[in-house]
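Taken from Swiss-Prot, the feature active site applies to Thr13, supported by sequence analysis. The Na(+) binding site annotation in Swiss-Prot covers Ala167, Cys170, Thr173 and rests on sequence analysis.
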Amino acid sequence: MSEHNPYGTMHGTTIITVRKGGMVVMAGDGQVSLGQTVMKGNARKVRRIGKGEVIAGFAGATADAFTLLERLEKKLEQYPGQLMRAAVELAKDWRTDKYLRNLEAMMLVADKTVTLAITGNGDVLEPEHGTIAIGSGGNYALAAALALMDTEKSAEEVARKAMKIAADICVYTNENVLVETLESAN
């Protein structure tokens, strides 16, 4: 049981970002589980923020993730067009603020130039190959996507196939996948 949630740990999601062929794609499943129960199958965990120039996806406690998304949007207003700077400033706040420190979530964010994972430990990580995944099925999705990167598949096809594979393996991930895309500068 989580110290913040008397019903047990909230599980369930897989979020992946794939950067390939001039596109950046973020995909996430719709399942929200509480303990061993599926609470919702069509949650929207991937969305556009920052005037539509940034895509963001989250894993973890939903209310916590929304709090962090709101904070990131404020940082993007403060540092327009500077996703890396906004993410680092959010991570600093997350790590040092007494209230934020207790939030249980992780985020992937991407714009036309950079993809980042932001964690509650204050980490801002840029993936080595432009592909990264988080959540309960994240490792399965990441392995599948990396295996598909040298194929003729588009970034969206790679992301969708990786999500399908993760959903086949991870009980906390479903096949109700939402995808957001942006043109990539690299």
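Each residue, glycine too, has its Cβ placed from N, Cα and C.
Close to the recorded Na(+) site, the chain also has Thr14, Asp29, Gln31, Ser136, Gly137, Tyr140, Ala141, Met163, Ala166, Asp168, Ile169, Val171, Tyr172, Asn174, Glu175: residues not among Ala167, Cys170, Thr173 whose Cβ is within 8 Å of the site's Cβ mean position. Cβ-based neighbour count (10 Å, all protein chains) for Cys170 (Na(+) binding site) stands at 22. It is 9 Å from the Cα atom of Thr13 (active site) to that of Cys170 (Na(+) binding site). Ala167 (Na(+) binding site) is surrounded by 21 other CB atoms, counting those within 10 A of its CB over all protein chains shown.
The residue listed as 'active site' falls within neither a helix nor a strand when secondary structure is assigned with DSSP, and so counts as coil. In the three-state DSSP scheme, Cys170 (Na(+) binding site) is classed as coil.
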